[in-house]
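According to TrEMBL, the protein carries these features:
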- 70-79: compositional bias 'Basic residues' (COMPBIAS)
- 1-698: domain 'Lipoxygenase' (DOMAIN)
- 1-91: region 'Disordered' (REGION)
Amino acid sequence: SYLPSQTPSGLKDLREQDLASLRGDGVPDGPRKKHDRIYDYDVYNDLGDPDKKPELARPVLGTKEFPYPRRCKTGRHRTKSDPLSESRSSGVYVPRDEAFSELKNVTFSAKTVYSLMHAVLPSIRTSMIDKELAFPHFKSIDSLFNKGLHLPQLESKGFIGNTLPRLLKFVEDTQRNVLLFETPATLHRDKFGWLKDAEFCRQTLAGLNPCGIQLVKEWPLKSKLDPEVYGPAESAITKEMVEQVIGGLIPLEQAIEQKKLFIIDYHDLLMPYVNKVREIKDMRTTLYGSRLLMFLTPSGTLRPVAIELVRPPGNGKPQWKQAFTPSWDSTGAWLWKLAKMHFLAHDTGIHQLVSHWLRTHCCTEPYIIATNRQLSAMHPIYRLLHPHFRYTMEINALARESLINCGGIIEACFSPGKYSIEMSSVAYGLLWRFDQEALPADLISRGMAEEDPHSPHGLKLTIEDYPYANDGLVLWDAIKGWVTNYVTYYYPDPNLVTSDNELQSWWTEIRTLGHADKKDEPWWPTLETPQDLIKILTTMIWVTSGHHAAVNFGQYDYGGYVPGRATIARVTMPCEDPTEERWENFKENPELELMATFPSQLQASQIMSVLDVLSTHSPDEEYIGQKMEPSYEAEPKIKTAYEVFAGRLKELEETIDRRNADPSLKNRHGVGIPPYQLLKPFSKPGVTGMGVPNSISI
């Protein structure tokens, strides 16, 4: 590895030429070919398909109105009906160095995702006559795990049967294929866990989306949106209501002062889309602005205080809002159950669109493009980052082709429908900051931690038993230690950072081109010292490894059972402007109301198939700290530093096992609770609910 200034004279020109060819200098515009290895930026203008149908047009993401990170440029021609949109094609260009290796191609990701999208899901769709058909009762949901779903048109032998053995079973006596789902870990341990308030709250700290919870710092709760457009800003959750739930323990003011009240607040993000989503014609869906308020009990667990659901004014109706609380009468208890289902559908959507897709897959792609365009393959920082960028561009290209595109799985199965990815752009504009993607800064910004030199990791957690943060901070520190040793070896003198022209161009390009819509933000870190570089690199590596693993590999275990975490709520609350007939039906058969709220049978079986595949580790998965790169081995000090890093990760495995066995940690240990293992570094292949790969490769 050589810094630019230390390159042997005979390699200097070659180093420059190689970077120029990767940037595509002098190559005319036009569709990129499979054998090209050109990295360049473009906006997300290829998710719609206006030439196929006008209603499949989608706005360009990466503009003033819809800010977004950049993707890799493919150079495809523009659509006939919209000169701003790029035409779609089967197979999306990625530079050839980014394509899956032969082994990965044959054994796993690309083929699995591809066969799922192009064979299994179409087969599910044709086997169901009524696309909107609800599950009639709970037994019909359970039958997906014991009887399965017949897929008559599918050829199971050979290619597809080999790539999806966990999902597809061939039944000899009927000569038919059955899509049969494994029982998710949460359901296996506790069939009724999905109904319990304790589990509902526990998952905000140790579930699939542990990065939404925030400390309540001020009261009353208020929206920042324009009351002229969205109606009164005050929340329907009142002081009296809160004290009724927690009253025996502590008054409200004291609860805030003692940091006992927590919130997940999607109100302002979702409200602008409520009326738009309700006007969607080709799918049954609905939406509310929502927030969940929780109280930290003396035992260190959370209990729910209230869920608020809000509809803005529109269509001649005023604003509607109601706060629901855990109730001790039958009507109130059923409304509380339904309010939880609505909130969970919102949380599942934000998890998939923001915590997962946006913050890991989408925001990382510009780092990869800049690294290849500006850092030579012999640059030590290129070599440090390279393992953490493996296969991400390929998996993102597959997502644009089949998952996040118009009419794709996300639009078809999540509450916001065709506005789903657009909403992730709004979240990027409102919420995303590079400096707060670092785990410690993220926890501090949400009020979940404060700096404290006497606490482990220099942070005092507001909720001591917060499994995502507890395990995540150990992993963060291990990564930071490794990066610190690596950077200080190659940059012993601060001047080497400022004078490294490749490094400076790389950081400038990430800010001004890769995340161009945020280029003028004041929070971007400067890159002047080795300390600055350590912080930037640790953040990138954390996002591609720890953060992604925490929000990805538990998807099937936590989301594979529809009632536990539905992706969509399809009907409004029965108490929102109810007709007499609907209210009577609700009173007579509340279970039917619940079934109507859940995803349709088609949506559920498609989502379960996708979550199963996304939660799977491939046989050739490369886990963090597992494999030393040849360039590390070549330098004795780097080799030793990497061995220390690998040792710390093995210690983390033991620490996590010990924590999961500790009865005092009630958010990760208890009857019916699956252990929190998402940040355990290593795993076997398959759906295991553990394992932190180096990179975002699924």
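Just so it is clear, glycine is given a Cβ too, placed from its N, Cα and C backbone atoms.
TrEMBL annotations: computationally assigned, not manually curated.
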Tertiary contacts of the compositional bias 'Basic residues' (70-79), as residues 6+ beyond its ends and Cβ separation under 8 Å: 29-32, 38-44, 46, 49-51, 62, 85-89, 92-95, 362, 365-366, 369, 393, 396-397, 400, 513-516
The domain 'Lipoxygenase' (1-698) [mean pLDDT, rounded to integer]: 93
Tally of residues which DSSP labels helix, strand or coil - the compositional bias 'Basic residues' (70-79): 0 helix, 3 strand, 7 coil
